[in-house]
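Annotated in TrEMBL:
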TRANSMEM  34-60  transmembrane segment
TRANSMEM  66-87  transmembrane segment
TRANSMEM  108-135  transmembrane segment
TRANSMEM  155-177  transmembrane segment
TRANSMEM  184-207  transmembrane segment
TRANSMEM  227-245  transmembrane segment
TRANSMEM  265-288  transmembrane segment
TRANSMEM  312-333  transmembrane segment
TRANSMEM  366-384  transmembrane segment
TRANSMEM  390-414  transmembrane segment
TRANSMEM  435-456  transmembrane segment
TRANSMEM  471-494  transmembrane segment
Amino acid sequence: MSLDQRATTQGGHDSDALGALGYRQELHRGLSPFASFASGFSFVSILTTVFQLFIIGFGFGGPAYVWTWPVVFVGQFCVCLVFAELAARYPVAGAIYQWSRRIASDPVGWMAGWLMQLGYVVSVAAIAIALQAVLPEVWDGFQIVGGDPSPTSSTGALNAIVLGTICIAVCVAVQLLGVTRVAIVTRIGVTLEIVGIVLVVVALFAHAQRGPEVVFDTAGVQGDGSYLWPFLASMLMAAYVMYGFDSAAELSEETDDPRRVTPRAIVRCMVISGVGGLLLIVAALMAAPDLASPDLASQGIAYVVTAQLGDVFGRIVLGIVAASILSAALAISTSATRVMWSMARDGRLPFSNALAKVSPRTRTPVLPSIVVGVLSIAVLLINLGQSSVFASVTSISVVIVYLAYLFVTVPRLYHRLRRTGRHDPEPGTFSLGRWGIPVNVVAVVFGIFLLVNVGWPRAAVYDPDGSGGWFLQYSALIAVVVILALGLVAYRVVASPGEQKGGL
(Lines of atoms letter the chains of each structure in order from A; the text may use other names.)
(Lines give C-alpha, C1' and ligand atoms only; values in the text may rest on other atoms or scores of the structure.)
Protein backbone atom coordinates (compact mmCIF):
# COMPACT_ATOMS: atom_id res chain seq x y z
CA MET A 1 0.00 0.00 0.00
CA SER A 2 1.40 3.42 -0.97
CA LEU A 3 1.75 6.32 1.45
CA ASP A 4 -1.11 8.15 -0.29
CA GLN A 5 -3.34 5.09 0.06
CA ARG A 6 -2.45 4.78 3.75
CA ALA A 7 -3.19 8.46 4.30
CA THR A 8 -6.53 8.10 2.53
CA THR A 9 -7.40 5.02 4.59
CA GLN A 10 -6.39 6.73 7.85
CA GLY A 11 -8.40 9.81 6.88
CA GLY A 12 -11.42 7.62 6.33
CA HIS A 13 -10.98 6.02 9.76
CA ASP A 14 -10.64 9.47 11.38
CA SER A 15 -13.79 10.73 9.65
CA ASP A 16 -15.69 7.60 10.70
CA ALA A 17 -14.54 8.06 14.30
CA LEU A 18 -15.72 11.66 14.20
CA GLY A 19 -19.03 10.51 12.74
CA ALA A 20 -19.45 8.12 15.67
CA LEU A 21 -19.26 11.16 17.95
CA GLY A 22 -22.07 12.86 16.05
CA TYR A 23 -20.23 15.11 13.61
CA ARG A 24 -19.16 15.08 9.98
CA GLN A 25 -15.70 16.03 8.77
CA GLU A 26 -15.79 19.74 7.88
CA LEU A 27 -12.32 21.03 8.72
CA HIS A 28 -9.19 20.24 6.72
CA ARG A 29 -7.44 17.22 8.24
CA GLY A 30 -3.73 16.80 7.67
CA LEU A 31 -1.72 17.99 10.68
CA SER A 32 1.36 15.92 11.52
CA PRO A 33 2.45 14.79 15.02
CA PHE A 34 4.98 17.64 15.19
CA ALA A 35 2.35 20.19 14.16
CA SER A 36 0.07 18.87 16.90
CA PHE A 37 2.87 19.14 19.46
CA ALA A 38 3.77 22.61 18.20
CA SER A 39 0.25 23.92 18.84
CA GLY A 40 0.48 22.97 22.52
CA PHE A 41 4.11 23.96 23.02
CA SER A 42 3.52 27.33 21.35
CA PHE A 43 0.63 28.03 23.74
CA VAL A 44 2.76 27.39 26.85
CA SER A 45 5.79 29.07 25.18
CA ILE A 46 8.25 28.82 28.06
CA LEU A 47 10.82 31.07 26.40
CA THR A 48 8.23 33.84 26.31
CA THR A 49 6.47 33.24 29.61
CA VAL A 50 9.52 32.43 31.73
CA PHE A 51 11.30 35.53 30.37
CA GLN A 52 8.19 37.62 31.02
CA LEU A 53 7.18 36.22 34.42
CA PHE A 54 10.51 35.41 36.10
CA ILE A 55 10.28 38.68 38.03
CA ILE A 56 7.01 37.59 39.66
CA GLY A 57 8.45 34.43 41.15
CA PHE A 58 11.78 36.01 42.04
CA GLY A 59 10.14 39.10 43.50
CA PHE A 60 7.90 37.14 45.85
CA GLY A 61 10.14 34.20 46.76
CA GLY A 62 13.75 35.01 45.97
CA PRO A 63 15.94 32.40 44.23
CA ALA A 64 14.32 29.55 46.20
CA TYR A 65 11.09 30.17 44.32
CA VAL A 66 12.46 27.75 41.73
CA TRP A 67 11.04 24.91 43.87
CA THR A 68 7.53 26.05 43.00
CA TRP A 69 8.21 24.95 39.43
CA PRO A 70 8.44 21.17 40.10
CA VAL A 71 5.52 21.41 42.54
CA VAL A 72 3.24 22.97 39.94
CA PHE A 73 4.62 20.67 37.26
CA VAL A 74 3.64 17.52 39.18
CA GLY A 75 0.09 18.76 39.73
CA GLN A 76 -0.37 19.99 36.18
CA PHE A 77 1.20 16.86 34.74
CA CYS A 78 -1.56 14.86 36.41
CA VAL A 79 -4.13 17.19 34.81
CA CYS A 80 -2.30 16.73 31.52
CA LEU A 81 -2.57 12.92 31.80
CA VAL A 82 -6.31 13.10 32.46
CA PHE A 83 -6.72 15.34 29.41
CA ALA A 84 -4.55 13.09 27.25
CA GLU A 85 -6.79 10.14 28.05
CA LEU A 86 -9.91 12.13 27.16
CA ALA A 87 -8.27 13.34 23.95
CA ALA A 88 -7.91 9.69 22.96
CA ARG A 89 -11.57 9.03 23.76
CA TYR A 90 -13.07 12.22 22.30
CA PRO A 91 -10.86 13.67 19.52
CA VAL A 92 -13.15 16.64 18.87
CA ALA A 93 -12.53 20.37 18.40
CA GLY A 94 -13.61 22.24 21.50
CA ALA A 95 -11.65 19.97 23.87
CA ILE A 96 -12.58 21.18 27.39
CA TYR A 97 -16.08 22.16 26.26
CA GLN A 98 -16.70 18.85 24.51
CA TRP A 99 -15.18 16.68 27.22
CA SER A 100 -17.05 18.30 30.10
CA ARG A 101 -20.44 18.22 28.37
CA ARG A 102 -19.98 14.52 27.60
CA ILE A 103 -18.73 13.37 31.00
CA ALA A 104 -20.81 15.81 33.08
CA SER A 105 -23.79 17.51 31.43
CA ASP A 106 -24.68 20.01 28.75
CA PRO A 107 -24.91 22.99 31.17
CA VAL A 108 -21.53 22.11 32.72
CA GLY A 109 -20.00 21.75 29.28
CA TRP A 110 -21.41 25.05 28.11
CA MET A 111 -20.06 26.78 31.20
CA ALA A 112 -16.63 25.23 30.64
CA GLY A 113 -16.68 26.45 27.05
CA TRP A 114 -17.77 29.92 28.18
CA LEU A 115 -14.89 30.09 30.66
CA MET A 116 -12.31 28.79 28.18
CA GLN A 117 -13.48 31.25 25.54
CA LEU A 118 -13.04 34.20 27.89
CA GLY A 119 -9.72 32.89 29.18
CA TYR A 120 -8.38 32.36 25.68
CA VAL A 121 -9.39 35.82 24.42
CA VAL A 122 -7.69 37.57 27.34
CA SER A 123 -4.64 35.31 26.99
CA VAL A 124 -4.26 36.36 23.34
CA ALA A 125 -4.19 40.01 24.42
CA ALA A 126 -1.81 39.30 27.31
CA ILE A 127 0.73 37.49 25.15
CA ALA A 128 0.48 39.99 22.27
CA ILE A 129 1.09 42.95 24.57
CA ALA A 130 4.34 41.32 25.72
CA LEU A 131 5.91 42.44 22.44
CA GLN A 132 6.34 45.88 24.00
CA ALA A 133 8.91 44.48 26.43
CA VAL A 134 10.85 42.88 23.58
CA LEU A 135 10.73 44.63 20.20
CA PRO A 136 11.77 48.19 21.24
CA GLU A 137 14.80 46.57 22.92
CA VAL A 138 15.74 44.94 19.61
CA TRP A 139 15.31 48.12 17.54
CA ASP A 140 14.20 51.62 18.52
CA GLY A 141 12.03 51.81 15.42
CA PHE A 142 9.53 49.44 17.01
CA GLN A 143 8.60 52.27 19.40
CA ILE A 144 6.19 53.47 16.74
CA VAL A 145 4.46 56.21 18.74
CA GLY A 146 7.75 57.59 20.08
CA GLY A 147 8.46 58.55 23.68
CA ASP A 148 9.41 56.27 26.56
CA PRO A 149 9.22 52.57 25.56
CA SER A 150 8.73 51.39 29.14
CA PRO A 151 5.49 49.35 29.29
CA THR A 152 4.44 51.30 32.39
CA SER A 153 4.73 54.73 30.70
CA SER A 154 1.85 56.30 28.78
CA THR A 155 3.68 56.11 25.44
CA GLY A 156 4.86 52.59 26.19
CA ALA A 157 1.32 51.48 27.01
CA LEU A 158 0.00 53.04 23.80
CA ASN A 159 2.75 51.45 21.72
CA ALA A 160 2.01 48.11 23.38
CA ILE A 161 -1.54 48.36 22.06
CA VAL A 162 -0.26 49.18 18.57
CA LEU A 163 2.20 46.26 18.50
CA GLY A 164 -0.37 43.93 20.06
CA THR A 165 -2.99 44.91 17.51
CA ILE A 166 -0.58 44.25 14.64
CA CYS A 167 0.30 40.87 16.15
CA ILE A 168 -3.36 39.88 16.52
CA ALA A 169 -4.19 41.07 13.00
CA VAL A 170 -1.38 38.90 11.62
CA CYS A 171 -2.73 35.93 13.59
CA VAL A 172 -6.20 36.43 12.12
CA ALA A 173 -4.78 36.70 8.61
CA VAL A 174 -2.76 33.50 8.99
CA GLN A 175 -5.79 31.63 10.33
CA LEU A 176 -7.89 32.73 7.38
CA LEU A 177 -5.30 31.17 5.07
CA GLY A 178 -6.03 27.78 6.63
CA VAL A 179 -4.73 25.46 9.33
CA THR A 180 -1.82 24.37 7.14
CA ARG A 181 -0.44 27.92 7.24
CA VAL A 182 -1.05 28.04 10.99
CA ALA A 183 0.94 24.83 11.36
CA ILE A 184 3.83 26.22 9.31
CA VAL A 185 4.10 29.32 11.49
CA THR A 186 3.84 27.41 14.77
CA ARG A 187 6.38 24.82 13.62
CA ILE A 188 8.85 27.57 12.75
CA GLY A 189 8.13 29.33 16.04
CA VAL A 190 8.59 26.18 18.10
CA THR A 191 11.82 25.26 16.30
CA LEU A 192 13.25 28.73 16.95
CA GLU A 193 12.05 28.60 20.56
CA ILE A 194 13.66 25.24 21.30
CA VAL A 195 16.92 26.36 19.67
CA GLY A 196 16.76 29.59 21.68
CA ILE A 197 16.17 27.74 24.96
CA VAL A 198 19.12 25.42 24.35
CA LEU A 199 21.42 28.32 23.41
CA VAL A 200 20.42 30.43 26.42
CA VAL A 201 20.63 27.58 28.93
CA VAL A 202 24.04 26.35 27.71
CA ALA A 203 25.45 29.88 27.51
CA LEU A 204 24.21 30.87 30.97
CA PHE A 205 25.51 27.71 32.60
CA ALA A 206 28.87 28.42 30.94
CA HIS A 207 28.84 31.87 32.60
CA ALA A 208 27.70 30.67 36.03
CA GLN A 209 28.66 33.00 38.89
CA ARG A 210 27.63 30.63 41.66
CA GLY A 211 26.78 26.98 42.23
CA PRO A 212 23.41 25.20 42.22
CA GLU A 213 23.08 25.82 45.96
CA VAL A 214 21.54 29.15 44.98
CA VAL A 215 18.19 27.36 44.71
CA PHE A 216 18.11 27.22 48.53
CA ASP A 217 18.57 30.98 48.95
CA THR A 218 15.37 32.72 50.08
CA ALA A 219 17.01 36.18 49.97
CA GLY A 220 15.32 36.87 53.30
CA VAL A 221 11.97 37.64 51.70
CA GLN A 222 10.18 35.98 54.61
CA GLY A 223 11.59 38.43 57.15
CA ASP A 224 10.99 37.04 60.63
CA GLY A 225 8.03 34.95 59.50
CA SER A 226 7.54 31.68 57.64
CA TYR A 227 8.74 31.22 54.05
CA LEU A 228 5.46 29.41 53.28
CA TRP A 229 3.57 32.59 52.37
CA PRO A 230 6.21 34.02 50.00
CA PHE A 231 6.54 30.53 48.53
CA LEU A 232 2.81 30.32 47.80
CA ALA A 233 2.80 33.79 46.26
CA SER A 234 5.83 33.00 44.09
CA MET A 235 4.02 29.90 42.83
CA LEU A 236 1.90 32.19 40.68
CA MET A 237 4.74 32.40 38.17
CA ALA A 238 4.66 28.66 37.43
CA ALA A 239 0.86 28.62 37.53
CA TYR A 240 0.72 31.41 34.93
CA VAL A 241 3.03 29.41 32.64
CA MET A 242 1.90 25.79 32.89
CA TYR A 243 -1.52 25.78 31.30
CA GLY A 244 -2.75 25.58 27.73
CA PHE A 245 -1.09 22.23 27.01
CA ASP A 246 -4.55 20.97 26.08
CA SER A 247 -4.60 23.24 23.02
CA ALA A 248 -3.27 20.37 20.89
CA ALA A 249 -6.66 18.75 21.46
CA GLU A 250 -8.41 21.79 19.98
CA LEU A 251 -7.01 20.72 16.59
CA SER A 252 -8.04 17.07 16.92
CA GLU A 253 -10.42 17.29 13.96
CA GLU A 254 -7.55 18.59 11.84
CA THR A 255 -4.93 16.07 13.00
CA ASP A 256 -4.19 12.75 11.34
CA ASP A 257 -4.85 9.78 13.66
CA PRO A 258 -5.77 12.06 16.59
CA ARG A 259 -6.62 9.24 19.02
CA ARG A 260 -2.92 8.39 19.12
CA VAL A 261 -1.19 11.60 18.05
CA THR A 262 -2.98 14.17 20.23
CA PRO A 263 -2.46 12.47 23.64
CA ARG A 264 1.25 12.10 22.91
CA ALA A 265 1.46 15.73 21.82
CA ILE A 266 -0.17 16.90 25.08
CA VAL A 267 2.19 14.84 27.25
CA ARG A 268 5.32 15.77 25.28
CA CYS A 269 4.39 19.44 25.44
CA MET A 270 4.10 19.30 29.22
CA VAL A 271 7.30 17.29 29.77
CA ILE A 272 9.49 19.42 27.50
CA SER A 273 8.02 22.64 28.88
CA GLY A 274 8.58 21.46 32.45
CA VAL A 275 12.20 20.41 31.93
CA GLY A 276 13.09 23.37 29.69
CA GLY A 277 11.53 25.93 32.00
CA LEU A 278 13.31 24.55 35.07
CA LEU A 279 16.70 24.59 33.34
CA LEU A 280 16.10 28.15 32.15
CA ILE A 281 15.28 29.41 35.65
CA VAL A 282 18.21 27.62 37.33
CA ALA A 283 20.65 28.79 34.64
CA ALA A 284 19.51 32.40 35.08
CA LEU A 285 19.88 32.24 38.87
CA MET A 286 23.37 30.74 38.62
CA ALA A 287 24.53 33.25 35.98
CA ALA A 288 23.02 36.45 37.40
CA PRO A 289 25.82 38.98 38.08
CA ASP A 290 24.24 40.10 41.34
CA LEU A 291 21.17 38.52 42.93
CA ALA A 292 20.51 41.76 44.83
CA SER A 293 20.57 43.91 41.70
CA PRO A 294 17.40 45.94 41.12
CA ASP A 295 17.85 45.21 37.40
CA LEU A 296 17.36 41.49 38.06
CA ALA A 297 14.19 42.24 40.02
CA SER A 298 12.78 44.51 37.30
CA GLN A 299 14.09 42.95 34.05
CA GLY A 300 14.53 39.30 34.99
CA ILE A 301 16.24 36.92 32.61
CA ALA A 302 16.63 39.55 29.88
CA TYR A 303 19.00 41.43 32.20
CA VAL A 304 21.04 38.28 32.89
CA VAL A 305 21.35 37.44 29.20
CA THR A 306 22.45 40.95 28.21
CA ALA A 307 24.82 41.38 31.15
CA GLN A 308 26.57 38.04 30.74
CA LEU A 309 26.36 37.33 27.03
CA GLY A 310 26.53 40.80 25.53
CA ASP A 311 24.18 43.13 23.74
CA VAL A 312 24.35 41.38 20.36
CA PHE A 313 23.52 37.95 21.76
CA GLY A 314 20.82 39.55 23.88
CA ARG A 315 19.19 41.12 20.84
CA ILE A 316 19.28 37.79 18.99
CA VAL A 317 17.58 36.07 21.92
CA LEU A 318 14.98 38.83 22.16
CA GLY A 319 14.32 38.40 18.44
CA ILE A 320 13.66 34.70 19.04
CA VAL A 321 11.40 35.63 21.96
CA ALA A 322 9.45 37.96 19.66
CA ALA A 323 8.98 35.11 17.15
CA SER A 324 7.83 32.88 20.02
CA ILE A 325 5.30 35.52 21.10
CA LEU A 326 3.80 35.61 17.61
CA SER A 327 3.67 31.82 17.50
CA ALA A 328 2.07 31.71 20.95
CA ALA A 329 -0.53 34.34 20.06
CA LEU A 330 -1.38 32.36 16.92
CA ALA A 331 -1.72 29.09 18.85
CA ILE A 332 -3.93 30.64 21.53
CA SER A 333 -6.15 32.49 19.06
CA THR A 334 -6.52 29.32 16.98
CA SER A 335 -7.61 27.44 20.11
CA ALA A 336 -10.12 30.18 20.93
CA THR A 337 -11.46 30.00 17.39
CA ARG A 338 -11.96 26.23 17.60
CA VAL A 339 -13.86 26.49 20.90
CA MET A 340 -16.16 29.16 19.47
CA TRP A 341 -16.70 27.14 16.29
CA SER A 342 -17.36 23.93 18.22
CA MET A 343 -19.98 25.59 20.43
CA ALA A 344 -21.58 27.29 17.42
CA ARG A 345 -21.72 23.98 15.56
CA ASP A 346 -23.77 22.65 18.47
CA GLY A 347 -26.06 25.69 18.23
CA ARG A 348 -24.93 26.98 21.60
CA LEU A 349 -23.99 30.58 20.76
CA PRO A 350 -25.74 33.65 19.38
CA PHE A 351 -25.53 33.70 15.58
CA SER A 352 -24.48 30.05 15.64
CA ASN A 353 -25.32 29.47 11.99
CA ALA A 354 -22.91 32.19 10.87
CA LEU A 355 -20.19 31.25 13.36
CA ALA A 356 -20.36 27.57 12.41
CA LYS A 357 -19.73 28.16 8.71
CA VAL A 358 -16.47 26.84 7.28
CA SER A 359 -14.71 28.32 4.26
CA PRO A 360 -15.19 25.91 1.33
CA ARG A 361 -11.73 26.87 0.02
CA THR A 362 -9.57 26.65 3.16
CA ARG A 363 -11.96 24.49 5.24
CA THR A 364 -11.35 26.63 8.29
CA PRO A 365 -13.74 28.73 10.45
CA VAL A 366 -13.72 32.31 9.18
CA LEU A 367 -16.07 34.39 11.33
CA PRO A 368 -14.84 32.93 14.68
CA SER A 369 -11.26 33.87 13.72
CA ILE A 370 -12.33 37.47 13.10
CA VAL A 371 -14.51 37.68 16.24
CA VAL A 372 -11.71 36.34 18.46
CA GLY A 373 -9.31 38.86 16.95
CA VAL A 374 -11.67 41.80 17.48
CA LEU A 375 -12.43 40.79 21.08
CA SER A 376 -8.72 40.36 21.86
CA ILE A 377 -7.94 43.82 20.50
CA ALA A 378 -10.78 45.22 22.62
CA VAL A 379 -9.13 43.70 25.70
CA LEU A 380 -5.84 45.34 24.68
CA LEU A 381 -7.46 48.76 24.95
CA ILE A 382 -7.84 48.28 28.71
CA ASN A 383 -4.07 48.77 28.97
CA LEU A 384 -4.36 52.42 27.91
CA GLY A 385 -4.05 54.30 31.19
CA GLN A 386 -5.26 51.26 33.13
CA SER A 387 -2.20 49.01 33.37
CA SER A 388 -3.19 47.79 36.84
CA VAL A 389 -6.64 46.82 35.58
CA PHE A 390 -5.09 45.02 32.60
CA ALA A 391 -2.75 43.10 34.93
CA SER A 392 -5.74 42.08 37.06
CA VAL A 393 -7.73 40.99 34.00
CA THR A 394 -4.89 38.78 32.76
CA SER A 395 -4.57 37.19 36.21
CA ILE A 396 -8.33 36.58 36.30
CA SER A 397 -8.13 34.86 32.91
CA VAL A 398 -5.79 32.26 34.42
CA VAL A 399 -8.19 31.74 37.33
CA ILE A 400 -11.15 31.02 35.06
CA VAL A 401 -9.14 28.61 32.91
CA TYR A 402 -8.21 26.63 36.02
CA LEU A 403 -11.88 26.64 37.01
CA ALA A 404 -12.78 25.28 33.57
CA TYR A 405 -10.20 22.52 34.00
CA LEU A 406 -12.00 21.41 37.16
CA PHE A 407 -15.19 21.07 35.12
CA VAL A 408 -13.40 18.18 33.42
CA THR A 409 -11.24 16.58 36.11
CA VAL A 410 -13.98 16.46 38.78
CA PRO A 411 -16.66 14.65 36.71
CA ARG A 412 -13.98 12.35 35.27
CA LEU A 413 -12.98 11.36 38.80
CA TYR A 414 -16.65 10.78 39.64
CA HIS A 415 -16.97 8.28 36.80
CA ARG A 416 -13.73 6.56 37.80
CA LEU A 417 -14.90 6.12 41.38
CA ARG A 418 -18.26 4.84 40.16
CA ARG A 419 -16.38 2.58 37.70
CA THR A 420 -18.93 3.30 34.99
CA GLY A 421 -16.37 2.75 32.23
CA ARG A 422 -18.43 5.07 29.98
CA HIS A 423 -15.59 7.41 29.19
CA ASP A 424 -12.64 5.04 29.11
CA PRO A 425 -10.35 5.33 26.06
CA GLU A 426 -10.57 2.96 23.13
CA PRO A 427 -8.34 -0.15 23.31
CA GLY A 428 -4.87 0.52 21.97
CA THR A 429 -4.97 4.26 22.68
CA PHE A 430 -3.56 6.28 25.59
CA SER A 431 -4.87 5.01 28.93
CA LEU A 432 -3.92 5.54 32.57
CA GLY A 433 -5.13 2.09 33.51
CA ARG A 434 -4.86 1.36 37.23
CA TRP A 435 -3.18 4.73 37.77
CA GLY A 436 -6.34 6.52 36.68
CA ILE A 437 -7.83 7.13 40.13
CA PRO A 438 -4.67 8.33 41.97
CA VAL A 439 -3.65 10.55 39.06
CA ASN A 440 -7.16 11.98 38.80
CA VAL A 441 -7.32 12.61 42.56
CA VAL A 442 -4.07 14.61 42.41
CA ALA A 443 -5.39 16.51 39.39
CA VAL A 444 -8.56 17.53 41.25
CA VAL A 445 -6.93 18.36 44.59
CA PHE A 446 -4.11 20.32 43.01
CA GLY A 447 -6.52 22.03 40.64
CA ILE A 448 -8.57 23.31 43.58
CA PHE A 449 -5.40 24.38 45.36
CA LEU A 450 -4.14 26.32 42.32
CA LEU A 451 -7.54 27.93 41.79
CA VAL A 452 -7.54 29.24 45.37
CA ASN A 453 -3.88 30.24 45.34
CA VAL A 454 -3.98 32.09 42.02
CA GLY A 455 -7.27 33.79 42.89
CA TRP A 456 -6.24 34.73 46.44
CA PRO A 457 -6.77 38.51 46.94
CA ARG A 458 -3.12 39.55 47.15
CA ALA A 459 -2.86 43.32 46.75
CA ALA A 460 0.63 42.91 45.27
CA VAL A 461 -0.88 40.84 42.44
CA TYR A 462 -4.26 42.41 41.75
CA ASP A 463 -3.59 46.00 42.80
CA PRO A 464 0.20 46.48 42.78
CA ASP A 465 0.15 50.29 42.73
CA GLY A 466 -2.69 50.60 45.24
CA SER A 467 -4.89 52.59 42.89
CA GLY A 468 -7.87 50.25 42.76
CA GLY A 469 -8.60 49.68 46.43
CA TRP A 470 -10.53 46.66 47.62
CA PHE A 471 -12.32 46.21 44.29
CA LEU A 472 -9.15 45.35 42.36
CA GLN A 473 -7.72 43.36 45.25
CA TYR A 474 -10.78 41.09 45.31
CA SER A 475 -11.35 41.30 41.56
CA ALA A 476 -10.66 37.60 40.95
CA LEU A 477 -13.41 36.50 43.35
CA ILE A 478 -15.80 39.16 42.07
CA ALA A 479 -15.06 38.30 38.45
CA VAL A 480 -15.59 34.56 38.93
CA VAL A 481 -18.99 35.15 40.57
CA VAL A 482 -20.05 37.62 37.87
CA ILE A 483 -18.78 35.45 35.00
CA LEU A 484 -20.55 32.35 36.33
CA ALA A 485 -23.77 34.32 36.88
CA LEU A 486 -23.63 35.79 33.37
CA GLY A 487 -22.85 32.35 32.01
CA LEU A 488 -25.92 30.85 33.67
CA VAL A 489 -28.13 33.61 32.30
CA ALA A 490 -26.60 33.31 28.84
CA TYR A 491 -27.08 29.55 28.85
CA ARG A 492 -30.76 29.86 29.70
CA VAL A 493 -31.33 32.59 27.10
CA VAL A 494 -29.10 31.43 24.26
CA ALA A 495 -27.98 27.86 24.68
CA SER A 496 -30.65 25.78 26.37
CA PRO A 497 -33.47 25.78 23.79
CA GLY A 498 -33.39 23.18 21.07
CA GLU A 499 -31.64 19.89 20.63
CA GLN A 500 -27.87 19.78 20.74
CA LYS A 501 -25.86 18.19 17.98
CA GLY A 502 -23.17 15.65 18.72
CA GLY A 503 -23.55 12.37 20.45
CA LEU A 504 -22.65 11.64 24.02
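In case you wondered, yes, glycine gets a Cβ from its N, Cα and C as well.
Residues 107, 110-111, 114-115, 118, 348-350, 388-389, 392, 395-396, 399-400, 403, 454-459, 462-463 of the same chain lie 6 or more positions beyond the ends of the transmembrane segment (471-494) yet place their CB under 8 Å from a CB of it. Long-range Cβ contacts of the transmembrane segment (435-456) within its own chain (Cβ-Cβ under 8 Å, at least 6 residues beyond either end) map to 72, 74-76, 78-79, 81-82, 85, 232, 235-236, 239-240, 395-396, 398-399, 402-403, 405-406, 409-410, 412-413, 416-417, 476-477, 480. Within the same chain, residues 57, 95, 99, 103, 215, 231, 234-235, 237-239, 242-243, 245-246, 248-249, 252, 258-259, 262-264, 266-267, 269-271, 274, 277-278, 281-282, 285, 405, 408-409, 412, 423, 425, 430-432, 436, 439-440, 442-443, 446-447, 449-450 sit at least 6 positions outside the transmembrane segment (66-87) and bring their C-beta atoms closer than 8 Å to a C-beta of that stretch. In this chain, the transmembrane segment (265-288) lies apart from the transmembrane segment (155-177): fewer than three C-beta pairs between them fall below 8 angstroms, excluding pairs fewer than 6 positions apart.
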